[in-house]
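Read through the structure below, which is laid out as C-alpha coordinates, and then see the notes.
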Amino acid sequence: MSVIPSSDPDLRSPLLSSLEEPARKPEKGPDVQKLTIDDMLQKHCGEFGTWQLRHFVLTCLAWALEGFHTMVMIFADREPEFRCLGSGCDEMAKSVCGFEPGSWDWVGGAGSSTVAQWGLVCGEKYKVGLVQAVFFGGCMIGAGTFGHLSDSTLGRKGSLTVVCLLNAVFGCLTALAPDYWTYLLLRLLTGFSTGGVGLCAFVLATEPVGSSKRGAAGMSTFYFFSTGIAMLSGIAYIFPSWRELYIASSIPSILFLVIVLPFISESPRWYLVRGRINEAMTLMRTIAKSNGKHLPDGVVLALDEDVNESYVNDQSDKQGFATKEAITGSVIDVIRSPVTRVRLFLAVAINFMCSVVYYGLSLNVVNLDTNLHLNVVLNAVAEMPAFTITALLLDKFGRKPLTIGTLWFSGFFCFAGSLMGGVGIWKVVRMICGILGIFGMAGTYNLLFIYTAELFPTVVRNVALGCATQSAQMGAILAPFIVVMGGALPFAVFASCGFVGGLLAFYLPETLNRPLYDTITGMKEGEGGLSGV
(Lines of atoms letter the chains of each structure in order from A and count residues from 1; the text may use other names and numbers.)
(Lines give C-alpha, C1' and ligand atoms only; values in the text may rest on other atoms or scores of the structure.)
Protein backbone atom coordinates (compact mmCIF):
# COMPACT_ATOMS: atom_id res chain seq x y z
CA MET A 1 0.00 0.00 0.00
CA SER A 2 1.41 3.34 -1.02
CA VAL A 3 1.15 6.34 1.32
CA ILE A 4 0.22 9.70 -0.07
CA PRO A 5 2.72 12.32 0.92
CA SER A 6 1.17 14.82 3.31
CA SER A 7 3.08 17.64 1.66
CA ASP A 8 1.16 17.31 -1.62
CA PRO A 9 -0.97 20.50 -1.71
CA ASP A 10 -3.11 19.33 -4.64
CA LEU A 11 -4.38 16.34 -2.71
CA ARG A 12 -4.71 17.97 0.72
CA SER A 13 -6.45 21.23 -0.26
CA PRO A 14 -9.88 19.78 -1.15
CA LEU A 15 -10.07 18.00 2.21
CA LEU A 16 -8.76 20.88 4.30
CA SER A 17 -10.93 23.45 2.62
CA SER A 18 -14.06 21.65 3.76
CA LEU A 19 -12.72 21.46 7.34
CA GLU A 20 -11.07 24.81 7.73
CA GLU A 21 -13.59 27.10 6.02
CA PRO A 22 -16.60 28.01 8.13
CA ALA A 23 -19.94 26.59 7.03
CA ARG A 24 -21.83 28.89 4.73
CA LYS A 25 -25.15 30.25 6.04
CA PRO A 26 -28.12 30.44 3.77
CA GLU A 27 -28.79 33.83 2.33
CA LYS A 28 -31.02 35.95 4.52
CA GLY A 29 -34.16 37.47 3.27
CA PRO A 30 -35.36 40.89 4.23
CA ASP A 31 -36.14 41.57 7.90
CA VAL A 32 -39.73 40.88 8.86
CA GLN A 33 -41.25 43.08 11.57
CA LYS A 34 -43.91 41.65 13.82
CA LEU A 35 -46.83 43.94 14.67
CA THR A 36 -49.97 43.49 16.70
CA ILE A 37 -53.26 44.31 15.01
CA ASP A 38 -53.58 47.56 16.99
CA ASP A 39 -50.11 48.66 15.88
CA MET A 40 -50.73 47.68 12.26
CA LEU A 41 -54.02 49.58 12.19
CA GLN A 42 -52.40 52.66 13.70
CA LYS A 43 -49.25 52.71 11.55
CA HIS A 44 -50.32 51.34 8.19
CA CYS A 45 -54.05 50.57 7.72
CA GLY A 46 -55.99 53.34 9.43
CA GLU A 47 -57.90 53.04 12.69
CA PHE A 48 -61.34 54.01 11.38
CA GLY A 49 -61.36 54.67 7.67
CA THR A 50 -63.78 53.96 4.85
CA TRP A 51 -63.52 50.19 5.25
CA GLN A 52 -64.23 50.22 8.99
CA LEU A 53 -67.13 52.66 8.60
CA ARG A 54 -68.87 50.52 5.98
CA HIS A 55 -68.22 47.30 7.87
CA PHE A 56 -69.35 48.89 11.15
CA VAL A 57 -72.68 50.12 9.77
CA LEU A 58 -73.51 46.86 8.01
CA THR A 59 -72.66 44.74 11.05
CA CYS A 60 -74.54 46.95 13.51
CA LEU A 61 -77.77 46.58 11.55
CA ALA A 62 -78.04 43.29 13.43
CA TRP A 63 -78.62 45.32 16.61
CA ALA A 64 -81.91 46.59 15.17
CA LEU A 65 -82.93 42.97 14.64
CA GLU A 66 -82.21 42.23 18.29
CA GLY A 67 -84.38 45.20 19.24
CA PHE A 68 -87.24 43.76 17.17
CA HIS A 69 -87.11 40.26 18.65
CA THR A 70 -86.56 41.44 22.23
CA MET A 71 -89.05 44.28 22.60
CA VAL A 72 -91.83 42.79 20.45
CA MET A 73 -93.18 41.37 23.73
CA ILE A 74 -94.18 44.87 24.85
CA PHE A 75 -96.81 44.98 22.13
CA ALA A 76 -97.57 41.29 21.58
CA ASP A 77 -98.07 40.56 25.30
CA ARG A 78 -99.83 43.79 26.27
CA GLU A 79 -103.23 43.86 27.95
CA PRO A 80 -105.50 45.70 25.49
CA GLU A 81 -108.36 47.97 26.41
CA PHE A 82 -111.82 46.51 26.91
CA ARG A 83 -115.33 47.72 26.16
CA CYS A 84 -118.55 46.91 27.95
CA LEU A 85 -121.32 45.12 26.05
CA GLY A 86 -123.97 45.09 28.76
CA SER A 87 -124.66 44.98 32.47
CA GLY A 88 -122.13 43.32 34.76
CA CYS A 89 -119.28 45.44 33.36
CA ASP A 90 -117.77 48.64 34.75
CA GLU A 91 -116.17 50.91 32.15
CA MET A 92 -114.24 52.77 34.88
CA ALA A 93 -112.55 49.60 36.16
CA LYS A 94 -108.86 49.03 35.47
CA SER A 95 -109.24 45.27 35.12
CA VAL A 96 -111.82 42.86 33.71
CA CYS A 97 -111.52 40.63 36.75
CA GLY A 98 -114.97 40.00 38.26
CA PHE A 99 -116.92 40.96 35.15
CA GLU A 100 -119.75 38.69 34.10
CA PRO A 101 -118.98 36.49 31.04
CA GLY A 102 -120.27 38.05 27.85
CA SER A 103 -120.63 41.51 29.39
CA TRP A 104 -117.40 42.82 27.88
CA ASP A 105 -115.05 42.34 24.93
CA TRP A 106 -111.47 43.24 24.01
CA VAL A 107 -110.96 46.30 21.84
CA GLY A 108 -109.38 44.99 18.64
CA GLY A 109 -110.64 41.45 19.17
CA ALA A 110 -109.02 38.34 20.55
CA GLY A 111 -106.16 38.54 18.04
CA SER A 112 -104.91 41.91 19.23
CA SER A 113 -102.49 40.38 21.76
CA THR A 114 -101.58 37.10 23.41
CA VAL A 115 -103.33 38.30 26.58
CA ALA A 116 -106.60 38.62 24.69
CA GLN A 117 -105.99 35.45 22.68
CA TRP A 118 -105.53 33.14 25.67
CA GLY A 119 -107.12 35.12 28.51
CA LEU A 120 -103.90 35.93 30.39
CA VAL A 121 -105.56 38.12 33.00
CA CYS A 122 -106.51 37.85 36.68
CA GLY A 123 -105.30 34.44 37.93
CA GLU A 124 -103.50 33.80 34.62
CA LYS A 125 -101.61 37.10 34.57
CA TYR A 126 -98.41 35.49 35.83
CA LYS A 127 -98.12 33.75 32.46
CA VAL A 128 -97.28 37.09 30.83
CA GLY A 129 -94.27 37.54 33.08
CA LEU A 130 -93.40 33.87 32.66
CA VAL A 131 -93.16 33.98 28.87
CA GLN A 132 -91.04 37.13 29.04
CA ALA A 133 -88.77 35.56 31.65
CA VAL A 134 -88.46 32.38 29.56
CA PHE A 135 -87.40 34.47 26.56
CA PHE A 136 -84.58 36.04 28.56
CA GLY A 137 -83.71 32.59 29.91
CA GLY A 138 -83.21 31.50 26.31
CA CYS A 139 -81.07 34.60 25.75
CA MET A 140 -78.90 33.59 28.70
CA ILE A 141 -78.31 30.10 27.29
CA GLY A 142 -77.73 31.45 23.79
CA ALA A 143 -75.25 34.08 24.95
CA GLY A 144 -73.07 31.44 26.60
CA THR A 145 -73.38 29.03 23.68
CA PHE A 146 -72.64 31.49 20.89
CA GLY A 147 -70.06 33.31 22.98
CA HIS A 148 -68.06 30.08 23.00
CA LEU A 149 -68.75 29.21 19.35
CA SER A 150 -67.76 32.66 18.11
CA ASP A 151 -64.42 32.37 19.91
CA SER A 152 -63.82 28.84 18.62
CA THR A 153 -65.17 26.99 15.59
CA LEU A 154 -67.80 29.26 14.04
CA GLY A 155 -66.05 32.60 14.43
CA ARG A 156 -67.76 35.96 14.76
CA LYS A 157 -69.38 36.07 11.32
CA GLY A 158 -70.38 32.40 11.33
CA SER A 159 -72.11 32.77 14.70
CA LEU A 160 -73.90 35.93 13.58
CA THR A 161 -75.15 34.10 10.49
CA VAL A 162 -76.54 31.21 12.53
CA VAL A 163 -78.32 33.36 15.12
CA CYS A 164 -79.96 35.58 12.49
CA LEU A 165 -81.16 32.52 10.58
CA LEU A 166 -82.62 30.98 13.73
CA ASN A 167 -84.25 34.28 14.67
CA ALA A 168 -86.02 34.46 11.32
CA VAL A 169 -87.26 30.86 11.55
CA PHE A 170 -88.40 30.93 15.18
CA GLY A 171 -89.93 34.40 14.86
CA CYS A 172 -92.13 33.35 11.95
CA LEU A 173 -93.10 30.10 13.66
CA THR A 174 -94.15 32.05 16.77
CA ALA A 175 -96.85 33.72 14.70
CA LEU A 176 -98.38 30.28 14.07
CA ALA A 177 -98.44 29.18 17.73
CA PRO A 178 -101.80 27.41 18.35
CA ASP A 179 -101.71 27.70 22.15
CA TYR A 180 -99.89 29.38 25.02
CA TRP A 181 -97.43 26.58 25.78
CA THR A 182 -96.30 26.34 22.15
CA TYR A 183 -95.89 30.10 22.20
CA LEU A 184 -93.81 29.80 25.36
CA LEU A 185 -91.53 27.20 23.75
CA LEU A 186 -91.02 29.25 20.61
CA ARG A 187 -90.18 32.36 22.63
CA LEU A 188 -87.59 30.30 24.51
CA LEU A 189 -86.03 29.23 21.20
CA THR A 190 -86.15 32.79 19.85
CA GLY A 191 -84.43 33.97 23.00
CA PHE A 192 -81.73 31.33 22.52
CA SER A 193 -80.82 32.76 19.12
CA THR A 194 -81.36 36.41 20.08
CA GLY A 195 -78.91 36.07 22.97
CA GLY A 196 -76.02 35.72 20.52
CA VAL A 197 -76.94 38.53 18.12
CA GLY A 198 -75.76 41.53 20.11
CA LEU A 199 -72.49 40.14 21.41
CA CYS A 200 -71.46 38.68 18.02
CA ALA A 201 -72.37 41.90 16.20
CA PHE A 202 -70.61 44.09 18.77
CA VAL A 203 -67.33 42.19 18.71
CA LEU A 204 -67.37 41.78 14.93
CA ALA A 205 -68.03 45.51 14.45
CA THR A 206 -65.41 46.81 16.89
CA GLU A 207 -62.46 44.39 16.58
CA PRO A 208 -61.23 45.83 13.23
CA VAL A 209 -61.27 49.36 14.75
CA GLY A 210 -58.11 50.94 16.14
CA SER A 211 -57.72 51.52 19.87
CA SER A 212 -58.15 55.30 19.79
CA LYS A 213 -61.48 55.04 17.91
CA ARG A 214 -62.85 51.91 19.55
CA GLY A 215 -64.63 53.66 22.42
CA ALA A 216 -66.69 55.98 20.23
CA ALA A 217 -67.39 53.19 17.76
CA GLY A 218 -68.52 50.83 20.49
CA MET A 219 -70.87 53.42 21.96
CA SER A 220 -72.39 54.01 18.54
CA THR A 221 -73.50 50.39 18.14
CA PHE A 222 -76.46 50.96 20.42
CA TYR A 223 -77.94 53.69 18.24
CA PHE A 224 -79.02 50.83 16.02
CA PHE A 225 -80.67 48.97 18.92
CA SER A 226 -82.63 52.05 20.02
CA THR A 227 -83.56 52.83 16.42
CA GLY A 228 -84.83 49.27 16.08
CA ILE A 229 -87.06 49.72 19.15
CA ALA A 230 -88.45 53.00 17.81
CA MET A 231 -89.10 51.39 14.41
CA LEU A 232 -90.81 48.47 16.14
CA SER A 233 -93.30 50.87 17.70
CA GLY A 234 -94.24 52.04 14.19
CA ILE A 235 -94.46 48.45 12.92
CA ALA A 236 -96.71 47.54 15.87
CA TYR A 237 -98.95 50.49 15.05
CA ILE A 238 -99.29 49.30 11.45
CA PHE A 239 -99.77 45.64 12.43
CA PRO A 240 -101.98 45.62 15.57
CA SER A 241 -102.46 41.83 15.44
CA TRP A 242 -99.79 40.03 17.45
CA ARG A 243 -99.46 37.27 14.83
CA GLU A 244 -98.92 39.76 12.01
CA LEU A 245 -96.48 41.66 14.22
CA TYR A 246 -94.26 38.61 14.76
CA ILE A 247 -94.03 37.99 11.01
CA ALA A 248 -93.38 41.67 10.25
CA SER A 249 -90.62 41.84 12.88
CA SER A 250 -88.96 38.63 11.61
CA ILE A 251 -88.77 39.46 7.90
CA PRO A 252 -85.89 41.96 8.44
CA SER A 253 -83.74 39.08 9.72
CA ILE A 254 -84.22 37.31 6.40
CA LEU A 255 -83.32 40.48 4.49
CA PHE A 256 -80.20 40.90 6.62
CA LEU A 257 -79.05 37.37 5.81
CA VAL A 258 -79.56 37.77 2.06
CA ILE A 259 -78.60 41.40 1.44
CA VAL A 260 -76.17 42.45 4.18
CA LEU A 261 -74.18 39.46 5.49
CA PRO A 262 -72.37 38.71 2.20
CA PHE A 263 -70.65 42.10 2.50
CA ILE A 264 -69.46 41.59 6.10
CA SER A 265 -65.95 40.22 6.77
CA GLU A 266 -64.69 37.97 9.54
CA SER A 267 -62.67 39.58 12.32
CA PRO A 268 -58.90 39.73 11.68
CA ARG A 269 -58.33 39.18 15.40
CA TRP A 270 -60.21 35.89 15.28
CA TYR A 271 -58.14 34.81 12.26
CA LEU A 272 -54.98 35.67 14.18
CA VAL A 273 -55.72 33.73 17.36
CA ARG A 274 -56.93 30.78 15.26
CA GLY A 275 -53.53 30.67 13.55
CA ARG A 276 -54.88 31.68 10.12
CA ILE A 277 -52.27 34.33 9.45
CA ASN A 278 -52.73 34.38 5.66
CA GLU A 279 -56.42 35.26 5.95
CA ALA A 280 -55.65 37.89 8.59
CA MET A 281 -52.93 39.51 6.45
CA THR A 282 -55.14 39.46 3.35
CA LEU A 283 -57.88 41.23 5.25
CA MET A 284 -55.46 43.81 6.66
CA ARG A 285 -54.20 44.56 3.15
CA THR A 286 -57.81 45.03 2.03
CA ILE A 287 -58.46 47.43 4.92
CA ALA A 288 -55.32 49.44 4.08
CA LYS A 289 -56.18 49.64 0.37
CA SER A 290 -59.80 50.68 1.03
CA ASN A 291 -58.59 53.38 3.41
CA GLY A 292 -56.18 54.76 0.83
CA LYS A 293 -53.09 53.48 2.61
CA HIS A 294 -50.38 50.92 1.90
CA LEU A 295 -49.30 47.93 3.96
CA PRO A 296 -45.54 47.32 3.47
CA ASP A 297 -44.25 43.86 2.57
CA GLY A 298 -41.88 43.79 5.54
CA VAL A 299 -44.52 43.57 8.28
CA VAL A 300 -46.51 40.61 9.52
CA LEU A 301 -49.18 40.12 12.16
CA ALA A 302 -48.25 38.47 15.43
CA LEU A 303 -49.85 37.84 18.79
CA ASP A 304 -49.01 40.33 21.50
CA GLU A 305 -47.07 37.68 23.43
CA ASP A 306 -44.80 37.22 20.38
CA VAL A 307 -44.00 40.84 19.52
CA ASN A 308 -41.04 41.04 21.91
CA GLU A 309 -39.10 39.18 19.21
CA SER A 310 -39.54 42.11 16.88
CA TYR A 311 -37.56 40.91 13.89
CA VAL A 312 -37.07 37.57 12.17
CA ASN A 313 -34.11 37.22 9.86
CA ASP A 314 -34.40 33.68 8.55
CA GLN A 315 -36.51 33.39 5.43
CA SER A 316 -37.85 30.04 6.55
CA ASP A 317 -39.25 31.67 9.67
CA LYS A 318 -41.03 34.16 7.49
CA GLN A 319 -42.71 31.29 5.66
CA GLY A 320 -43.68 29.84 9.02
CA PHE A 321 -45.86 32.87 9.72
CA ALA A 322 -48.38 31.72 7.13
CA THR A 323 -49.95 29.34 9.60
CA LYS A 324 -49.62 28.93 13.34
CA GLU A 325 -51.24 26.65 15.85
CA ALA A 326 -54.64 27.96 16.93
CA ILE A 327 -54.85 29.34 20.45
CA THR A 328 -58.08 28.60 22.26
CA GLY A 329 -59.50 29.64 25.59
CA SER A 330 -62.50 28.87 27.77
CA VAL A 331 -64.22 30.20 30.85
CA ILE A 332 -61.98 27.87 32.89
CA ASP A 333 -58.95 29.82 31.64
CA VAL A 334 -60.64 33.07 32.65
CA ILE A 335 -61.33 31.78 36.16
CA ARG A 336 -57.89 30.21 36.52
CA SER A 337 -56.05 33.48 35.90
CA PRO A 338 -56.03 35.84 38.92
CA VAL A 339 -55.98 38.83 36.55
CA THR A 340 -59.21 37.90 34.78
CA ARG A 341 -61.03 36.07 37.58
CA VAL A 342 -61.96 39.15 39.64
CA ARG A 343 -62.78 41.09 36.49
CA LEU A 344 -65.22 38.39 35.41
CA PHE A 345 -66.98 38.36 38.78
CA LEU A 346 -67.39 42.14 38.81
CA ALA A 347 -68.49 42.28 35.17
CA VAL A 348 -71.09 39.58 35.80
CA ALA A 349 -72.50 41.33 38.90
CA ILE A 350 -72.63 44.80 37.32
CA ASN A 351 -74.21 43.52 34.09
CA PHE A 352 -76.86 41.70 36.13
CA MET A 353 -77.89 44.83 38.04
CA CYS A 354 -77.75 47.03 34.96
CA SER A 355 -80.03 44.65 33.07
CA VAL A 356 -82.61 44.53 35.87
CA VAL A 357 -82.93 48.31 35.62
CA TYR A 358 -82.73 48.64 31.83
CA TYR A 359 -85.25 45.96 30.92
CA GLY A 360 -87.36 46.70 33.97
CA LEU A 361 -87.78 50.34 32.99
CA SER A 362 -88.42 49.33 29.37
CA LEU A 363 -91.15 46.86 30.31
CA ASN A 364 -92.56 49.07 33.06
CA VAL A 365 -94.17 51.38 30.48
CA VAL A 366 -97.26 49.14 30.70
CA ASN A 367 -97.75 50.37 34.29
CA LEU A 368 -97.62 54.08 33.47
CA ASP A 369 -101.21 54.37 32.13
CA THR A 370 -100.15 56.50 29.17
CA ASN A 371 -99.96 55.87 25.41
CA LEU A 372 -97.94 52.68 24.95
CA HIS A 373 -96.58 53.41 21.47
CA LEU A 374 -95.56 56.93 22.47
CA ASN A 375 -93.86 55.74 25.67
CA VAL A 376 -91.82 53.13 23.80
CA VAL A 377 -90.68 55.74 21.27
CA LEU A 378 -89.81 58.24 24.03
CA ASN A 379 -87.78 55.63 25.91
CA ALA A 380 -85.93 54.67 22.72
CA VAL A 381 -85.27 58.30 21.81
CA ALA A 382 -84.15 59.07 25.38
CA GLU A 383 -81.41 56.46 25.02
CA MET A 384 -79.80 58.12 22.02
CA PRO A 385 -78.56 61.32 23.72
CA ALA A 386 -77.14 59.08 26.45
CA PHE A 387 -75.06 57.28 23.82
CA THR A 388 -73.85 60.58 22.35
CA ILE A 389 -72.93 62.13 25.68
CA THR A 390 -71.22 58.97 26.89
CA ALA A 391 -69.29 58.65 23.63
CA LEU A 392 -68.08 62.27 23.88
CA LEU A 393 -66.96 61.82 27.49
CA LEU A 394 -65.61 58.29 27.13
CA ASP A 395 -62.08 59.15 26.02
CA LYS A 396 -61.89 62.20 28.26
CA PHE A 397 -62.88 60.70 31.60
CA GLY A 398 -62.38 56.98 30.95
CA ARG A 399 -64.55 53.89 31.22
CA LYS A 400 -64.58 53.51 35.00
CA PRO A 401 -65.79 57.01 36.05
CA LEU A 402 -68.52 56.98 33.41
CA THR A 403 -69.73 53.55 34.46
CA ILE A 404 -70.04 54.68 38.07
CA GLY A 405 -71.62 58.01 37.11
CA THR A 406 -74.29 56.61 34.78
CA LEU A 407 -75.26 53.87 37.25
CA TRP A 408 -75.73 56.39 40.06
CA PHE A 409 -77.52 58.85 37.77
CA SER A 410 -80.08 56.21 36.89
CA GLY A 411 -80.33 55.05 40.50
CA PHE A 412 -81.09 58.58 41.70
CA PHE A 413 -84.02 59.10 39.30
CA CYS A 414 -85.38 55.62 39.94
CA PHE A 415 -85.34 56.44 43.66
CA ALA A 416 -87.17 59.70 42.92
CA GLY A 417 -89.72 57.77 40.85
CA SER A 418 -90.42 55.46 43.79
CA LEU A 419 -91.51 58.49 45.83
CA MET A 420 -94.02 59.73 43.25
CA GLY A 421 -97.72 58.89 43.31
CA GLY A 422 -99.61 57.29 40.45
CA VAL A 423 -102.36 59.87 39.98
CA GLY A 424 -102.63 63.33 38.48
CA ILE A 425 -99.48 65.28 37.78
CA TRP A 426 -97.40 62.79 39.77
CA LYS A 427 -98.11 60.15 37.14
CA VAL A 428 -96.42 62.36 34.54
CA VAL A 429 -93.52 63.10 36.90
CA ARG A 430 -93.03 59.37 37.49
CA MET A 431 -92.97 58.82 33.72
CA ILE A 432 -90.27 61.52 33.41
CA CYS A 433 -88.25 59.87 36.18
CA GLY A 434 -88.51 56.60 34.28
CA ILE A 435 -87.29 58.25 31.07
CA LEU A 436 -84.33 59.83 32.89
CA GLY A 437 -83.62 56.51 34.60
CA ILE A 438 -83.45 54.68 31.29
CA PHE A 439 -81.40 57.59 29.89
CA GLY A 440 -78.66 56.90 32.45
CA MET A 441 -78.90 53.13 32.34
CA ALA A 442 -78.81 53.05 28.54
CA GLY A 443 -75.44 54.78 28.71
CA THR A 444 -74.26 52.18 31.23
CA TYR A 445 -75.63 49.23 29.27
CA ASN A 446 -73.86 50.42 26.16
CA LEU A 447 -70.63 51.27 27.95
CA LEU A 448 -70.46 47.87 29.65
CA PHE A 449 -70.09 46.14 26.28
CA ILE A 450 -67.01 48.23 25.50
CA TYR A 451 -65.64 47.98 29.02
CA THR A 452 -66.10 44.20 29.24
CA ALA A 453 -64.57 43.65 25.81
CA GLU A 454 -61.48 45.64 26.79
CA LEU A 455 -61.08 43.86 30.12
CA PHE A 456 -60.37 40.48 28.45
CA PRO A 457 -58.01 39.29 25.68
CA THR A 458 -59.17 38.14 22.23
CA VAL A 459 -58.77 34.44 22.96
CA VAL A 460 -61.48 34.61 25.65
CA ARG A 461 -63.19 37.91 24.83
CA ASN A 462 -66.45 36.49 23.57
CA VAL A 463 -66.47 33.85 26.29
CA ALA A 464 -66.23 36.61 28.91
CA LEU A 465 -68.77 38.74 27.05
CA GLY A 466 -70.99 35.68 26.88
CA CYS A 467 -70.80 35.25 30.67
CA ALA A 468 -71.55 38.94 31.19
CA THR A 469 -74.44 38.73 28.74
CA GLN A 470 -75.74 35.62 30.49
CA SER A 471 -75.78 37.50 33.77
CA ALA A 472 -77.55 40.38 32.03
CA GLN A 473 -80.19 37.93 30.81
CA MET A 474 -80.61 36.66 34.35
CA GLY A 475 -81.39 40.24 35.34
CA ALA A 476 -83.79 40.48 32.41
CA ILE A 477 -85.50 37.28 33.60
CA LEU A 478 -86.12 38.90 36.97
CA ALA A 479 -87.31 42.22 35.51
CA PRO A 480 -90.79 41.11 34.28
CA PHE A 481 -91.68 39.72 37.70
CA ILE A 482 -90.66 43.01 39.34
CA VAL A 483 -92.75 44.95 36.81
CA VAL A 484 -95.82 42.77 37.46
CA MET A 485 -95.78 43.94 41.11
CA GLY A 486 -96.66 47.46 39.98
CA GLY A 487 -96.74 50.62 42.06
CA ALA A 488 -93.62 52.20 43.54
CA LEU A 489 -91.83 48.92 44.32
CA PRO A 490 -90.27 48.44 40.85
CA PHE A 491 -88.66 51.90 41.01
CA ALA A 492 -87.25 51.17 44.46
CA VAL A 493 -85.68 47.90 43.28
CA PHE A 494 -84.22 49.62 40.22
CA ALA A 495 -82.71 52.37 42.39
CA SER A 496 -81.01 49.82 44.66
CA CYS A 497 -79.48 48.02 41.67
CA GLY A 498 -78.12 51.27 40.28
CA PHE A 499 -76.45 52.31 43.53
CA VAL A 500 -74.92 48.87 44.27
CA GLY A 501 -73.69 48.46 40.68
CA GLY A 502 -71.88 51.79 40.93
CA LEU A 503 -70.12 50.68 44.10
CA LEU A 504 -68.90 47.46 42.48
CA ALA A 505 -67.53 49.40 39.50
CA PHE A 506 -65.00 51.05 41.83
CA TYR A 507 -63.04 47.77 41.88
CA LEU A 508 -62.60 47.53 38.08
CA PRO A 509 -59.38 48.78 36.41
CA GLU A 510 -59.38 51.59 33.87
CA THR A 511 -58.92 50.42 30.25
CA LEU A 512 -58.70 53.78 28.49
CA ASN A 513 -55.93 53.78 25.84
CA ARG A 514 -54.88 50.23 26.66
CA PRO A 515 -54.54 47.80 23.74
CA LEU A 516 -56.87 44.89 23.01
CA TYR A 517 -54.65 42.02 24.11
CA ASP A 518 -54.67 38.76 22.17
CA THR A 519 -53.85 36.23 24.91
CA ILE A 520 -54.02 36.04 28.70
CA THR A 521 -50.22 35.76 28.81
CA GLY A 522 -49.84 38.83 26.62
CA MET A 523 -52.24 40.76 28.83
CA LYS A 524 -50.31 39.83 31.98
CA GLU A 525 -47.04 40.94 30.40
CA GLY A 526 -48.55 44.09 28.92
CA GLU A 527 -50.05 45.21 32.22
CA GLY A 528 -46.93 44.45 34.21
CA GLY A 529 -48.24 41.44 36.09
CA LEU A 530 -51.07 43.25 37.85
CA SER A 531 -52.84 41.00 40.30
CA GLY A 532 -56.44 40.93 41.39
CA VAL A 533 -57.74 43.19 38.67
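Note: Cβ is positioned from N, Cα and C throughout, glycine not excepted.
Taken from TrEMBL as is:
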{"type": "COMPBIAS", "residues": "1-20", "note": "compositional bias 'Low complexity'"}
{"type": "REGION", "residues": "1-31", "note": "region 'Disordered'"}
{"type": "COMPBIAS", "residues": "21-31", "note": "compositional bias 'Basic and acidic residues'"}
{"type": "DOMAIN", "residues": "55-513", "note": "domain 'Major facilitator superfamily (MFS) profile'"}
{"type": "TRANSMEM", "residues": "128-147", "note": "transmembrane segment"}
{"type": "TRANSMEM", "residues": "159-178", "note": "transmembrane segment"}
{"type": "TRANSMEM", "residues": "184-205", "note": "transmembrane segment"}
{"type": "TRANSMEM", "residues": "217-239", "note": "transmembrane segment"}
{"type": "TRANSMEM", "residues": "245-264", "note": "transmembrane segment"}
{"type": "TRANSMEM", "residues": "344-361", "note": "transmembrane segment"}
{"type": "TRANSMEM", "residues": "373-394", "note": "transmembrane segment"}
{"type": "TRANSMEM", "residues": "406-426", "note": "transmembrane segment"}
{"type": "TRANSMEM", "residues": "432-451", "note": "transmembrane segment"}
{"type": "TRANSMEM", "residues": "489-508", "note": "transmembrane segment"}
If I count Cβ-Cβ pairs under 8 A between the transmembrane segment (128-147) and each of 184-205, 245-264, 344-361, 373-394, 406-426, which range comes out on top? 184-205
Paired segments the transmembrane segment (217-239) and the transmembrane segment (432-451) in contact, 3+ CB pairs under 8 A: yes
At least three Cβ pairs under 8 Å linking the transmembrane segment (344-361) and the transmembrane segment (184-205), pairs spaced 6 or more in sequence? no
Which whole number is the mean pLDDT over the domain 'Major facilitator superfamily (MFS) profile' (55-513)? 84
